[in-house]
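Lifted from TrEMBL, the feature list:
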DOMAIN    5-107  domain 'Alcohol dehydrogenase-like N-terminal'
DOMAIN    149-280  domain 'Alcohol dehydrogenase-like C-terminal'
Amino acid sequence: KGQNPVFPRILGHEAAGIVESVGEGVTDLKAGDHVLPVFTGECKECRHCKSEESNMCDLLRINTDRGVMLEDQKSRFSINGKPIYNFVGTSTFSEYTVCHVGSVAKINPLAPLDKVCILSCGISTGLGATLNVAKPPKGSTVAVFGLGAVGLAAAEGARMAGASRIIGVDLVPSRFELAKKFGVTDFVNPKEHSKPVQEVIVEMTDGGVDRSVECTGNVNAMISAFECVHDVWGVAVLVGVPHKDAEFKTHQMNLLNERTLKGTFFGNYKPRSDLPSVVEKYMNKELELEKFITHEVPFAEINKAFDLMLKGEGLRCIITM
């Protein structure tokens, strides 16, 4: 999606681990701490970190082009004296990695790392998009576009918030059966209708849903997600990342009729401040993570994990080092 290729680099950005050692000046963490490395950090010092409304740290916001550490502009990985670049401050496809302290969230040491690892990106993103941004009132209707792991996490958030009806929108009919486990009550496949899917949803819901969450990255799905919410109180939240050249087009009357369009990044969670409490939701059995985990492979079979992802056959595949 238009990122500059930096090569060679160690990818991976969703993980859990244990601190092996800390560098000079690091006081918030110590060896033995259980942590989630996160692709977007929280320095706790900038205007964004000090604002209750933001999780977009000035210093450690995601940067896909940067392949080095902030402190000295050098990589911590190398082979035969040549640098191997890092990735979004985490590079988790590795037995050991080096992170900025602001990109690491300390969590409950009793939490199983092979489950809570999925909270370091996708599941928190979908969950937070619903709970922190869409904020559906109890009994409301919610449409979720895209029933991959992020979309199902958004549906899970709607279920936890007490939504009365959760409409899943996806082009793959086989996903509906699985989606029922996450609270999805209705399924709409846009390919099965002659009119735009937003019109189908408006008819199903007597004027539109109260909230919608878009998790595909397809700009047409984003437009549908906005146009399917009810006027005046409807809120649409965009989670997916569009192609860099994509344009969002809608009639301005959709805004004048008081619909709200919002974007979100990492579910509006501040990684260090908020992730520990999301882990506690799992520990308290408010949030089920096991149903997101469909496969497990050893590190040597990482390409099998990519194949599963490209075929859309799983939600989350755990890679054990």
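Numbers run from 1 along the shown chain.
Heads up, the Cβ atoms here are built off N, Cα and C, so glycines get one too.
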Pull the DSSP breakdown for the domain 'Alcohol dehydrogenase-like N-terminal' (5-107) and write it out as helix, strand, coil residue counts.
7 helix, 17 strand, 79 coil
When the pLDDT values for the domain 'Alcohol dehydrogenase-like C-terminal' (149-280) are averaged, what is the result?
97
